[in-house]
Structures are given as structure tokens and as C-alpha cells.
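Scroll down for the structure; my scribbles are underneath it.
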Amino acid sequence: MTWNKQPATGDAADDHGRLRELGYKQELRRNLSVVSNFSISFTILSVLTGVTTLYNTGLAFGGPATMTLGWFVAGAFTMAIGLSMAEICSAFPTSGGLYFWSARLSAHHRLSPFASWITGWFNIVGQWAGTASVDFSLAQLIQVIVLLSTGGKNGGGYLASKYVVFAFHAGILLSHAIINSLPIAWLSFFGQFATAWNMLGVFVLMIAIPVVATERATARFVFTHFNTENSAGIHSNLYIFVLGLLMSQYTLTGYDASAHMTEETKNADRSGPLGIISAIGISIVVGWGYILGITFAVAGKDNIPYLLSPENDAGGYAIAEVLYLAFKGRYGNGAGGIICLGIVAVAIYFCGMSSVTSNSRMTYAFSRDGAMPLSSVWHKVNKQQVPINAVWLSAFISLCMALPSLGSLVAFQAMASVATTAVCIAYALPILFRVTLGRNHFVPGPFSLGRYGLLVGWIAVLWVATVTVLFSLPVSYPVTKDTINYTPVAVGGLFTLVMSSWIISARHWFKGPIPELVIDPPQPQAQTPGVKKLRQKYFKQNPGQLLL
């Protein structure tokens, strides 16, 4: 892993020039620093969001051992994905991100437009589903906070109906669309504030919860216990372990936001990669601390069935019940636990806000290249250089994606599963093209993995292939219509739609990213003979095209 020794100038002209080399004019305001770029990815990764939302899954399918040890398994492979993406991002710093990378890395093959098409649609649908999942999980947490604040389920507390929860979800999305309509300087401020909130929130909770709890679990329970005594009919430690990895993998997604924000980031070919890597690395560390703090307060395997029971005061929301009982046991009431849930709720709110930011930039870029219906509408920017139409489209689609929750939470969970699996597949596709079709043509940017690029890339691709299979396995036996894992159905449905649209229509008109500016890029001041030779070879084979 190396950085180009040529110093970053911080000159906007350099960023604009590099964007022109990639075929695009500067339309968005380039106002984000490397810290702001990192903040957006870190806020979307938000361990307070992912761990809190799926702690029930981790506890039921896997238990403490899967959450504490499996976190590092998922984290290590996620870092491999992040490193490979960072290397590609450094070479191609555009808002399009993944689909643009796929197109350019397979540019010497006739499948380039298709590679761009499938990557883009898996990425954008996964992002929309992710935003729907995050904001709906916040609506559910608000439901639990209201329930506990009014006495809990066993004390006559108010349990909001599914229609009220959906109204919460709609209100949250509306506020996120309004915030994302503000100039990028405001989003930069909110992003940095959200980062500070997430960091401080994690440290407060990981310290306060074990200190307040009157009963604590042993280290042996936290690091070695598998929840094989469950109602799902799964008693294999290995099977339980891999199912429990969903919590970790769901949390450790969203870092492609740093790539989607590069057209608004200074020193994009350096800041983008650094944003990706640092967001993953810091999230792994602080996330583990949060998991430990919560899990030590579980107090032993005998408490697991009660924490997961719909009949407890929190209605089966495990982390909420842990916090509520910890403060109630120490002080006689659970008010402190409700305040802690408020800290988490604010973190989830900022996660959803940043998700809409990332979604809108992907929508803007994808429509700029003509890949979406009414593309000319969605890629327009306003006077503040904000892709305003893309912002509101992203919020609206995420709202629609939560509609199945009114019929069945199982149906909504099937849709939400796309948020993890589809996004991971989208991450893997450009990396796959990097290590196969583009291995002899790829010219790295300032950040390079050097001779380890192919190895790290293959590790990333194989991990995504593995988790795609694992997350499609049954999660309960016997398998019924109420317990079936709908992930393969949802992802398979998405694949069918994308393939059908390509075969029926898109293959006739979609040619991949469309350069707005067709120019011969300026040669860098310092080039190795090998790079210079490769550039000359490219232009000889592709006259009039851009070297990417």
C-alpha cells in the first residue's frame, strides 16, 4: 500500500482538471475537506445504527461469540473490500463511483456497457433500500422509546400502530430531504457534527452500560457462548456463527459514499480513498467497544430468551430492554436507559441523512449518463449546485420501499435484505473487473496497493461471493412461509429486473458513462516510463478516447 510522493496541492484547478480528464465538467460545488468526506461515510457506517438495529439478529442467530469475534471476521474482509475500492477510487474520483469504475475497468471488452449497467442498478437500488431500512429502523426505535416512556408493554405503555410507525418514517425522510436540499457547506457541518456524536455516543454507552448494570456477564460468556439453544431449530455452532455475521456485515456497509462525494471533495483522488479506509478502520474499533459494552450487560445465557421475547417491556427490542433493565435495576426506574436510546436515535437520524446525501449523488451521476428514466430531470443542479431533484427522488423511492411494512414486516425485511446483499455485490463487481479484464490496463492514482492489489482484490471478491450464499441460507427450521429467508428471492428478483431491462431495451442505447468533455487529458508532470508507455498504447488503440 503506497501513496504517490507527489504532494497534494489542494488546488481546485487540479481536481477540476482530473474530472475533465474523466470526461465531466464541474457542476457540483467542491467544498468538502478530507474530514468532511470521511464524516459522511463514517456516519452512514454508524455502528450505533447497525449494531442497535440488528442486535436481535446477532443475539438470536449466533449469540455473543458471533458478535464479538465475528465482528473482526467481517471487519477484516470488509477492509479488503475497502482497500480495493480505495485504490480504484483514487484512479477514478467521480460521483458515479462503482458503475463508472466497472465501465472503465472493462473498457477493452464489449461487455463494458453491461458491466456498468448491472453495477449501477445494484448499487443504486441497494442504496435506496439501505436508506429505507435505516429510516424505518429509526421509526421503530421511536416506537420503542414511546412505549418505554409511557410505562412499557407490561405497564400499559402506548405501542404505536404500524400506520403511526410508517408516518414516523415518512416524517424522517421528509426532514432528510429538506436538509439535503441545503448547500453542501451545511451538509459538511452536519456530517462532522454527526461524526462527533457517533464517536462520543459509542464511548458513553460502552462505558456507562456495564458500569450501571447490577449484573454483568462473564468474559467466557461474551467471547465463547453460541446461542444453540434457540427456537429456530439450528444447533450447529458453525451454522449459527455464519448467520450471526449478518449484523456485522450490515453495519459495515455504506463507505462507498466517500466515492460518490468525490466531485465535491478537495484533493479527491487522495481524500476519497482516505475517507473509505479510515471510515472502515475506525468503525471496526469503536463498533467492537459498543458490542462489548452491551453484551457484558446481557448477564448470561439465561437472559437471552427474555431479551428476545415480545412480552418484555421493550416488546422484544433486545438492546432497549438491556438499557432499560440496567438503569431500572440500579436506580429504580429506566429513565437513564431511555436517554441512552435517545443518543442512539440521534445517531440513526444522522445515518439516514447521510444515506440520502450519498443516494442523491449516485442518482445524479447515473442519470447524467442517461441510465435512468427521465435522466434529464434527475441530474439537474440548482443555484447552490445541489442535485435537488435527485435528493427528492431518492427520498420518495425510499418512502415507497417501506410500504410493504403496512402489509407484512416479513415482506419489508425481504426488501431490506437487498440493502446488504445488493450493495455488497455492487462493491465486488468493479473489483472483479479490476483483477480480471482490467488487470493489464489499470493505471492507479495516488493511492495504490502495488503488487498486493490483485491478492487483496480476489480476497474481497471471494468474501462477497461467500456472504451472498451464507445470507441466503434458511434461518429457521422447519422452513415455512413465515420463516423462509426471502433474501435470495429479493436479490434474484432485482437481478431478473436488471437483466430483463438490459435485454429488452438498454442494450440498444446504453453505452456506459457518457463523457461531457472529449479531450486529450494533460499528461502528469511526473510519469514513470511504464505509465507513459501504457498511455501511448491506449491512445493508439483508442484514438479520440479518454485515458481513464
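Placed from the backbone N, Cα and C atoms, the Cβ positions cover glycine too.
Per TrEMBL, the features are as follows:
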- 34-56: transmembrane segment (TRANSMEM)
- 68-101: transmembrane segment (TRANSMEM)
- 121-146: transmembrane segment (TRANSMEM)
- 166-189: transmembrane segment (TRANSMEM)
- 196-214: transmembrane segment (TRANSMEM)
- 234-253: transmembrane segment (TRANSMEM)
- 274-299: transmembrane segment (TRANSMEM)
- 331-352: transmembrane segment (TRANSMEM)
- 390-412: transmembrane segment (TRANSMEM)
- 418-437: transmembrane segment (TRANSMEM)
- 449-471: transmembrane segment (TRANSMEM)
- 483-504: transmembrane segment (TRANSMEM)
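Against the transmembrane segment (34-56), stretch 166-189 shows more Cβ pairs under 8 Å than any other of 68-101, 166-189, 390-412.
Between the transmembrane segment (166-189) and the stretches 196-214, 274-299, 331-352, 390-412, 418-437, the greatest number of Cβ pairs separated by less than 8 Å involves 390-412. Counting residues 6+ beyond its ends, the transmembrane segment (331-352) has Cβ neighbours under 8 Å at 43-44, 46, 48-49, 52-53, 131, 134-135, 137-138, 141-142, 144-145, 148-149, 152, 172-173, 176, 190-191, 193-194, 197-198, 201, 204-205, 208-209, 212, 313, 319-320, 323-325 in the same chain. In this chain, the transmembrane segment (274-299) does not touch the transmembrane segment (121-146); fewer than three CB pairs sit within less than 8 A of each other, excluding pairs fewer than 6 residues apart. Contact between the transmembrane segment (234-253) and the transmembrane segment (196-214) is absent: fewer than three CB pairs lie under 8 Å, with pairs separated by 6 or more positions in sequence.
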